[in-house]
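Data first, discussion second: the structure below is written as structure tokens.
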Amino acid sequence: MKRVPPTMRLLAALGAASLALSACGGGSDSGSGGDVSEVSIGVMGDFTGENAGIVLPIKNAAQLAIDEYNATNPEVKIKLLPYDSQAKPEQAVSLAKNAIKQDKIVGLIGPAFSGESAQVGPVLEEAQIPSISASATNATLAENNWKYWHRVISDDDVQGAGIGEFITTGVEAKKVFVIDDKSTYGQPLAATVKANAEKGGATTQTDSIDPDGADYSSTVNKAKAFAPDAIFFGGYYAEGGKLIKQLREGGVKATFLSADGSLDPGLAKGAGGENAEGSLIGCPCLIDPEGTAGDASKKFAEAYKAKFSAPTAIYAAEAYDAATVFIKAVQSGATTAEDIQKFIGTADFTGVSKQIKFEANGEVSGGDVYIYKVTGESLPLLGNAKTAKP
Amino acid sequence: MFNDFLTQFWPATVDGLSLGAIYALLALGYTMVYGVLRLINFAHSEIFMIGTFASLAVVNLFGFSGVGGFTLVGVVLVLAVAGGLASGASAVALEFLAYRPLRRKGASRLAALISAIGASLFLQQLFARVLIPWWFDVPKDKGALPLQGHFVERADVFAIGDFVVRNDKLIVFLGAVIMMVALDQFVNRTKLGRGIRATAQDPETSVLMGVNIDRIVTATFAIGGAMAGVAAALYMMRFEETDYFVGFLLGIKAFTAAVLGGIGNLRGALVGGMVLGLIEMYGSVLLGTEWQHVVAFTVLVLVLMFRPTGILGESLQQARV
């Protein structure tokens, strides 16, 4: 078992904190920066729970960025402290409080998920500690007027717009059947895709499935009667797989599209055989283990693979960019939370995943959506949604 | 909207009957146990879940793939035997562990109902946390994810215009009807069946007449469980996927079907299941799939307002309508 009891984790965190403090030589939270030789940055997410598979790459990529920086022997080194929230909001809040009070972090990468972000946001806001999440995509997070909260991933509205546009320009579909799973994630996303597909001149029809049910035949019958060129599904891969299977078995051959909730090999597995082959999955994240998206991406993919003996995975590039923001801040001479926060407001550089520049509400500016194509049980990058062709 | 209904009427009918057939088979378990013990066995959905895993194990064991035509009928028979045995045995064990001790102590029906809910939750978590990781060789934290076993080659058997019947849907429908007829004959013609009917009618008098009530209860659970196992085998052929939560929604629907047809009435379960399946599909076409459950339960309430005992009336002992 990898699970560490909470008390042990607390002890470990305290130990790390005392080390960090002794390295600082005391009095770091009000210092002007001149006498500081090391600052602490936290990374928070589910490292040992059910979703660890998609969160560990975040921690790894952040570690990679910090290690690369520390290897250059800078004046002020950065220490990365992991906080394992197991995606539980209440655990995330108490970890965040400890991180602020005892570990004196000056910035936080994460929290990884939207639920924990919603709870940790006010805590960081009160303590005036800047945070940058690599993976929390819920659109409403940016509506809290938090000054210290940022994310380097575009939200679900941007994602939906990108995919909706791709359906009409890339796939060139004229008739689009939009299905959602009635969830707080899937329903608004499907609505955004539908609106943008209609803006692109497509006619649409909608239906919903029940994620608890197994029989989607009424949805299949409707799709069959509508005879669409493309089908978009807003929901998670477990239902997405079943839906593709029943659509194909029912004789519906339209191109199947979905979004980041379905960006998982489980989609093709659930669909069975060749059913999911060629399906197109959009995501505001860049997963590019082959490094085909550009030089920065290639360099990152190779370094990541060399360090962790695994290809880059979901949210790794974004986490690397989030860590780079903090590194650049420290390089500029900022060693307090307030100075780093000021730097983040002015940051503007080309990261691995995208141009990193923040808007006043903490959202990353612009924001690209990438398309992945189901090939066997893997999901290689097809390209940017603006230019990709299926 | 109404135009959609016309164009999708026949596909919806086929799908409704094939969905209703699974509801009906599952409803039998609820109805029989209720008829004999006046207990709603909420753990019946987990008995079904066990059947799906037994079927999946058999599919994996023999490595079935791309099965179609008459071979598919044979494979489904094998799955039905495996599912029926596993579910039947589990149901008997469940009765022995969760209900019989309460019955012996003369506990209230409410206590048995709580015990049923507890058994349902226990079985779900037992599968998610322990049995699935151990049995199907998946990592411990992935026990809650769905498991697939793809083995069916689907093909249309016949088509009259829009009325297209696919092999798996036909087998589900016919399989369910055959099982129901066989069970109906069994309950009406054999000695054990007479015992079941007698106990349902009046437990005390039937004991005085020499019926061994424990034996009758065991037989009731075994038969109801076996029917759930057959339903599970048909379900696995139709959807080829299961997880620890698979029985939850189906169980609620099957229970609804039992009440709709008249709980305690075997033929009512068949009628209730088919009617519910059709209502759900027609409702989805007319109002959108998101209204499927709303339509189903609205119809249930309407039927119960005018016929409080369900379409065919309550009572197992009067199964001859």
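Count begins at 1; order follows the chain as displayed.
Cβ atoms are placed via backbone N, Cα and C, with glycine included.
Just so you know, TrEMBL annotations are computer predictions that nobody has curated.
What TrEMBL says about this one:
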type: TRANSMEM; residues: B:20-40; note: transmembrane segment
type: TRANSMEM; residues: B:47-67; note: transmembrane segment
type: TRANSMEM; residues: B:73-98; note: transmembrane segment
type: TRANSMEM; residues: B:110-136; note: transmembrane segment
type: TRANSMEM; residues: B:170-187; note: transmembrane segment
type: TRANSMEM; residues: B:216-238; note: transmembrane segment
type: TRANSMEM; residues: B:244-263; note: transmembrane segment
type: TRANSMEM; residues: B:270-288; note: transmembrane segment
type: TRANSMEM; residues: B:294-313; note: transmembrane segment
Which bits of the chain, at least 6 residues beyond where the transmembrane segment (B:270-288) starts or stops, bring a Cβ under 8 A of a Cβ in it? 1-2, 4-5, 8-9, 12-13, 15-27, 176-177, 180, 253-254, 256-262, 294-296, 299-300, 310-312
So which residues does the transmembrane segment (B:244-263) touch in its own chain, when a touch means Cβ under 8 Å and the partner is 6 or more beyond its ends? 20, 22-24, 26-31, 34-35, 40, 42, 44-49, 52, 124-125, 127-128, 132, 143-144, 235, 269-273, 275-276, 296-297, 299-300, 303-304, 309-315
Between the transmembrane segment (B:294-313) and the transmembrane segment (B:216-238), do 3 or more CB pairs sit under 8 angstroms, pairs being 6 or more residues apart? no
Using Cβ atoms and a strict cutoff of less than 8 Å, what residues sit near the transmembrane segment (B:73-98) while being 6 or more residues removed from its termini? 29, 41, 43-44, 47-48, 50-55, 57-59, 62, 64, 67, 115-116, 118-119, 151, 171, 175, 217-218, 221-230, 232-234, 236-237
